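Trainee: This is the structure I have questions about; it appears just below.
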Amino acid sequence: METILNFGFEDFFKDKKIEKEVGRIIFFGGTSYKIICKDGEKEARLKGSFKKECEVSGSYPTVGDWIGFEFQENSSIALIDFLYERKNKISRTDPRLGIELEQIIAANIDTAFICMSLNKDSNLNRLARYVFALQNIETVLLLTKADLSETREDAENLIKKIYPHLKVYCISIFEPDSLENIKYYFKKGKTSVLLGSSGVGKSSLINSLTGKEILRTSEINKKIDKGVHTTTNRQIISLGEDAGVIMDTPGMKVLGIWDSDSGENSFADITELKSKCLFSDCTHTCEKGCAVLEALKTGLLDKNRYELYLQLLKEDRIKIRREKRQEKFLIKKEEKSKSAKRRFKEKKNIKQTFKKDLDDLLDE
C-alpha cells in the first residue's frame, strides 16, 4: 500500500507545524477528490464552510496540494477544511469561463517536464510561454518521439541556442537508453509534472517509467497528425518508493502566462543588456543607443530569442491588466456575498421580533 511518506510528506512539512489530519490531493476530476494520508487513499470532498471560503477567494484546492481534513461521523469520506500554503503553483487562464480567472493546474512541484513531440509538434512560441510561466520551478524539456525524427539534433541545438540554461533531452519509449538520462530527476519524496499538448506521449512515458499500463494511450490522428485527449483528469502517480511521484495532466496547447512577476528571470541576458540602454524607458524596438538592438545587430543576441522576449513582454502587460480585472471581480463578488448575508440576518431579526411580539400578545 502506498503511504503518505512516498508523496513528499517529510520534505514539505520539515519546517511546518501540523495541527490536524494531513493529506495530499492525488486526484481531481471535476468535483471529486482523492487524497493520500497516513491510512492510505481516501475519497474526499470540500467541507461546506471551507467550500464557501473557496468560492469567495476564487481559489480551490488542486492536485498536489497538502490539506487538512476530518471525517464525518459514520462516513469514510474525508472532508477537506484547510489548505496549507503552497511552495509554488502552475496556473493558466481558466478556458471554461467568460471572465479571465486563474485555473491552478498543479501545486508543490519540484520538477516540471515540458513535453514536445518531434513529430511536427515543436513550436517555439508555445515553448516560450511554458518556459516563461515556469521560471520559478526547475524545468526540463523533453523532445519526445525521437525515433520518428531525422532532425532531432538540429531541433535540440536550436532550442539550446535560444535557451542556453534549459535542460533538453531527446527521448523515445522505444529507446530505453534515452529514458535513463532523465531518471536522475525522479527521487524519493520529489514531485514531477508532465505538461504538453495532446498526443506528445505523456501517458506512454508514465507507463514506461512505471513498467505498467497505468494510463490509457491512443494513436495519433493520421489526417491532422495530432493527438487526442486520453487524459481528462489530473492525478499523481507513484513511481516507486525511491523514485518519487509524477503528475499527469490533460493536454494543453498553451499554458497561458498567469503568474510571472519575475518572468524576466527567463531572459537574464536581455535584462543585463537593458541596463546598458541609453534611455531608461527604452522599448528595445527602434531607439538609438539601445544595447539590446546592438547585441541583435552584432549577433550576440539570437533573433528568435529577441522576438520571443518581445512577445512575452506584451503578454506580461496583458497579464497585469487581467489581474486588475480579476481583483475587481472578486471584490464585487465578496461584497455581493456580504450583502446577501446582511439581508439574511435582517430577515432573521424581523422574524425573531415578530415571534417575540406574537408571544407577548398571546401572554396578555
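Any Cβ shown, glycine's included, is placed from N, Cα and C.
Below, the features straight out of TrEMBL:
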type	residues	note
DOMAIN	99-255	domain 'CP-type G'
DOMAIN	107-253	domain 'EngC GTPase'
BINDING	THR144, LYS145, ALA146, ASP147, GLY196, SER197, SER198, GLY199, VAL200, GLY201, LYS202, SER203, SER204	GTP binding site
BINDING	CYS277, CYS282, HIS284, CYS290	Zn(2+) binding site
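Give me the local environment of each listed feature.
Mentor: Residues belonging to the domain 'CP-type G' (99-255) score a mean pLDDT of 82 in the model.
Cβ contacts within 10 Å of SER198 (GTP binding site), excluding its own Cβ and spanning all protein chains shown: 20.
Neighbour count (other Cβ atoms within 10 Å of the Cβ, all protein chains): 19 for CYS277 (Zn(2+) binding site).
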Trainee: Given the binding-site residues CYS277, CYS282, HIS284, CYS290, which one's Cα is the least distant from that of SER204 (GTP binding site)?
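Mentor: Nearest in space to SER204 (GTP binding site), counting only the binding-site residues, is HIS284.
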Trainee: So, by DSSP, how many helix, strand and coil residues make up the domain 'EngC GTPase' (107-253)?
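Mentor: Split by secondary structure, the domain 'EngC GTPase' (107-253) comes out as 41 helix, 35 strand, 71 coil.
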Trainee: Restricting to the same chain and to sequence separations of six or more, state which residues have a Cβ under 8 Å from that of CYS282 (Zn(2+) binding site).
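Mentor: For CYS282 (Zn(2+) binding site), the qualifying residues are LYS274, GLY289, CYS290, VAL292.
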Trainee: Can you tell me the CA-to-CA distance separating SER198 (GTP binding site) and HIS284 (Zn(2+) binding site), as a whole number of Å?
Mentor: 36
Trainee: If you measure from the Cα of CYS277 (Zn(2+) binding site), which of the binding-site residues THR144, GLY196, VAL200, LYS202 is the nearest?
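Mentor: For CYS277 (Zn(2+) binding site), the spatially nearest of the binding-site residues is GLY196.
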Trainee: Quick check on the binding-site residues: of LYS202, HIS284, whose CB has the lowest count of neighbouring CB atoms inside 10 Å?
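Mentor: Each of the binding-site residues LYS202, HIS284 was scored; lowest Cβ tally within 10 Å is HIS284.
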Trainee: Taking only the Cα atoms, work out how far THR144 (GTP binding site) lies from HIS284 (Zn(2+) binding site), in Å, as a whole number.
Mentor: 35
